[in-house]
Amino acid sequence: MSFDPLPGTLENLLEQTSLKWIFVGGKGGVGKTTTSCSLAIQMSKVRSSVLLISTDPAHNLSDAFGTKFGKDARKVPGFDNLSAMEIDPNLSIQEMTEQADQQNPNNPLSGMMQDLAFTIPGIDEALAFAEILKQIKSMEFDCVIFDTAPTGHTLRFLNFPTVLEKALGKLGGLSSRFGPMINQMGSIMGVNANEQDLFGKMESMRANISEVNKQFKNPDLTTFVCVCISEFLSLYETERMIQELTSYEIDTHNIVVNQLLLDPNTTCPQCMARRKMQQKYLAQIEELYEDFHVVKVPQVPAEVRGTEALKSFSEMLVKPYVYPTSGKE
């Protein structure tokens with residue numbers, strides 16, 4: 001049974017006032033960062049405070065806005081209520097380990113305990129994720145938008161709360177089994193092993209992570225915006241991503257299709273061939289995802305860099321693009 005297609009804009013996200021977490025992701029090179037920056041600009045018009053955070057080690061936010069961002073949130077120039085930050089999960093866990101070493105520089109068991117903890121698959125990235133959430137929570141933003149790493153990393157990132165909850169359970173078991181032995185070894189060697197420092201810190205994250213896990217699975221609070229281009233590989237990757245998001249119980253009902261050639265009157269042979277291919281895959285996207293908001297964004301003539309260019313691009317996410325019927329752009 002067919003029904004009228006949903007509006008091809010992201011206006012629905014602006015209207016959903018309960019949203020707290022918005023993830024933007026897709027294959028590399030499809031305009032993911034441009035889309036997340038533009039969405040953040042539009043959200044800042046309707047929310048009191050918005051944080052745009054990059055978890056992609058490539059860190060394109062700085063390039064997009066032409067302003068250097070780092071691991072601490074700072075205001076985006078030209079906005080009073082939009083901040084941005086760039087975090088490398090791998091660096092975060094490295095810093096956490098260094099801090100532990102600085103606190104116990106003479107403890108020979110400190111490294112052993114960390115090695116023991118980090119043998120659990122995914123625990124390093126999961127702990128880094130917990131550190132990110134801790135920072136965000138202390139800042140009290142009304143809405144947080146994640147510019148995520150390319151697809152595979154994104155899906156792993158979204159599964160971190162579950163990984164961490166399981167890991168903490170395992171660590172709790174390790175603590176009860178090996179804690180007395182470690183303390184005994186410490187007393188023999190004349191040092192304070194204090195394994196509770198490490199296990200205690202991880203255990204204290206459990207309630208926090210458990211709450212976030214629930215929020216991520218609540219469609220009133222969390223959604224994922226898929227970004228793609230109208231080509232076979234991108235369509236395939238988007239389908240795989242949506243299936244995995246569904247298995248993680250994470251809501252997704254918006255797809256942004258970038259770089260479309262929409263001029264029906266072009267006489268350029270290469271453009272005509274590419275447009276024909278794009279129209280074929282666009283028809284498949286619309287058929288597969290008839291219950292999604294499919295946002296069609298045209299190929300723009302220049303790179304979208306700088307605040308003004310992003311503001312202009314962002315309008316195409318909230319108003320359906322109509323190709324001019326006469327004259328040239």
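Start at 1 and count along the chain as shown; that gives each residue its number.
Each residue, glycine too, has its Cβ placed from N, Cα and C.
Features of the protein shown, as given by Swiss-Prot:
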type: BINDING; residues: LYS27, GLY28, GLY29, VAL30, GLY31, LYS32, THR33, THR34, GLU231, ASN258; note: ATP binding site
type: ACT_SITE; residues: ASP56; note: active site
type: BINDING; residues: CYS268, CYS271; note: Zn(2+) binding site
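The recorded positions shown are ASP56, CYS268, CYS271; of these, the one with its CA atom nearest the CA of GLU231 (ATP binding site) is CYS271.
You'll find the Cα of GLY29 (ATP binding site) roughly 24 Å from the Cα of CYS268 (Zn(2+) binding site). Across the structure, CYS271 (Zn(2+) binding site) and LYS27 (ATP binding site) are spaced 23 Å apart at their Cα atoms.
If you measure from the Cα atom of LYS27 (ATP binding site) to that of CYS268 (Zn(2+) binding site), you get 28 Å. Residues LYS27, GLY28, GLY29, VAL30, GLY31, LYS32, THR33, THR34, GLU231, ASN258 are the ones the record ties to ATP, and the longest Cα gap between any two of them is 19 Å. Cα distances from the residue listed as 'active site' to the binding-site residues GLY31, THR33, CYS268 are smallest for THR33. Separating the Cα atoms of THR33 (ATP binding site) and CYS268 (Zn(2+) binding site) is a whole-number distance of 29 Å. Taking a C-beta cut-off of under 8 angstroms and a sequence separation of 6 or more, GLY31 (ATP binding site) has the following same-chain neighbours: VAL227, ILE229, VAL256, ASN258, GLN259, VAL297, VAL304. Minimal Cβ crowding within 10 Å, among the recorded positions ASP56, GLU231, is found at GLU231. Summarising the environment of LYS27 (ATP binding site), the number of other Cβ atoms within 10 Å of its Cβ, over all protein chains shown, is 22.
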